[in-house]
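Undergrad: Just lifted these from TrEMBL, have a look:
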DOMAIN    5-184  domain 'Formyl transferase N-terminal'
BINDING   GLY14, THR15, ASN16  N(1)-(5-phospho-beta-D-ribosyl)glycinamide binding site
BINDING   ARG67, ASN109  (6R)-10-formyltetrahydrofolate binding site
ACT_SITE  HIS111  active site, proton donor
SITE      ASP147  site 'Raises pKa of active site His'
Amino acid sequence: MDRLRLAVLVSGRGTNLKAIIDAVEVGALQAQVVGVFSDRPDPYAFEHARERNIPTVFVDPKKYPSREEYDTALARQVMELKPGCIALAGFMRVLTPVFLNAFPGRVLNIHPSLLPSFPGLEAQRQALEYGVRYSGCTVHFVDPGVDTGPIIIQSVVPVYQDDTPETLADRILAKEHLTYPAALQLFAEGRLRLEGRRVIIDWENRAPQQPRDCVLEWLKNKDIIKEVTPNERSNSQHN
Ligand code: GRF
């Protein structure tokens, strides 16, 4: 089976990009990162790509008078790599339908809160100031809104009384690095299906030729997801 061709869009330091690349290397994510795109010149994320000889492309927003024109240019360049999936990893622009319609159902994002709480910028500070006891991260499909698309998986972390936005962000980030590759693997295995705005994860219907189908175990071991397979659910109901 062909590996999922993955394009990653970044703006900054790229720790999620690195986690994705690492997951590919250890076989937890059966994909190939075919290109990394940025709206900023030479972000630190490009270092991670260059280390693995992954092509990097800076698409300069200053060259395009409108968001739509920028997105047209970006989509054209991304399209050249024929990606099966586009992962936003700290990409700081809100994509318009011009871009999203070029890759329907194939653009994912990670956000550092339990959506729909605290969308947009400074999600960790928002969570802290609101006073929630738990926060986390969310991987979701991207729609034209700000962090409003259908939710794929979420991971939870506690919020402590002496947290600062930075300490909370670090705790969430550690979960992000496990959660994003796991969500992408579910996508790669073709297990995600939309019903309205609900994402249904098909745990049963696995492609038999999958070389290393370890994502479910991985998700459980890392305590990423509380979801259980239908069998386990009926067992637990009997207990
Ligand atoms: C992460 O917190 C991610 O959730 C958010 O932007 C940040 C990117 O961090 N969308 P990095 O560039 O991957 O280190």
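In case you wondered, yes, glycine gets a Cβ from its N, Cα and C as well.
Unlike curated entries, TrEMBL annotations are predicted automatically.
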Undergrad: For ARG67 ((6R)-10-formyltetrahydrofolate binding site), which of the three DSSP-derived states applies: helix, strand, or coil?
TA: helix
Undergrad: Could you tell me which of the binding-site residues GLY14, THR15, ASN16, ARG67 have their C-beta within a distance under 6 angstroms of some atom of ligand 1?
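TA: Only GLY14, THR15, ASN16 meet the Cβ criterion.
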Undergrad: Can you tell me the mean pLDDT for the domain 'Formyl transferase N-terminal' (5-184)?
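TA: That region's mean pLDDT is 98.
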Undergrad: Name them in sequence order: residues not among GLY14, THR15, ASN16 whose Cβ is within 8 Å of the mean position of the Cβ atoms defining the N(1)-(5-phospho-beta-D-ribosyl)glycinamide site.
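TA: Those within range, site residues removed, are VAL10, GLY12, ARG13, LEU17, LYS18, ALA19, ILE20, ALA45, HIS48, ALA89, GLY90, HIS177.
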Undergrad: Tell me, if you would, which residue among ARG67, HIS111 (recorded positions) has the fewest other CB atoms within 10 Å in the structure shown?
TA: ARG67
Undergrad: Can you tell which of THR15, ASN16, ASN109 has the least company, meaning the fewest other C-beta atoms within 10 angstroms of its C-beta, among these binding-site residues?
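TA: Sparsest of the binding-site residues THR15, ASN16, ASN109 by Cβ contacts within 10 Å: THR15.
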Undergrad: Which of these binding-site residues is closest to HIS111 (active site, proton donor) if you go by CA atoms: THR15, ASN16, ARG67?
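TA: For HIS111 (active site, proton donor), the spatially nearest of the binding-site residues is ASN16.
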Undergrad: Around GLY14 (N(1)-(5-phospho-beta-D-ribosyl)glycinamide binding site), which residues of its chain at least 6 apart sit with Cβ under 8 Å of its Cβ?
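TA: Spatial neighbours, sequence-distant, of GLY14 (N(1)-(5-phospho-beta-D-ribosyl)glycinamide binding site): VAL36, PRO43, TYR44, ALA45, PHE46, GLU47, HIS48, ALA49, ALA89, GLY90.
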Undergrad: Closest of the recorded positions to ASN16 (N(1)-(5-phospho-beta-D-ribosyl)glycinamide binding site), Cα to Cα, picking from ARG67, ASN109, ASP147?
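TA: For ASN16 (N(1)-(5-phospho-beta-D-ribosyl)glycinamide binding site), the spatially nearest of the recorded positions is ASN109.
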Undergrad: Let me know the DSSP-derived helix, strand or coil state of THR15 (N(1)-(5-phospho-beta-D-ribosyl)glycinamide binding site), please.
TA: helix
Undergrad: What subset of the binding-site residues THR15, ARG67, ASN109 lies within 10 angstroms of ASP147 (site 'Raises pKa of active site His') at the C-alpha level?
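TA: Checking each Cα against ASP147 (site 'Raises pKa of active site His'), the hits are ASN109.
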Undergrad: Going by DSSP, is ASP147 (site 'Raises pKa of active site His') sitting in a helix, a strand, or coil?
TA: coil
Undergrad: Around ASP147 (site 'Raises pKa of active site His'), how many other C-beta atoms are within 10 angstroms of its C-beta?
TA: 21
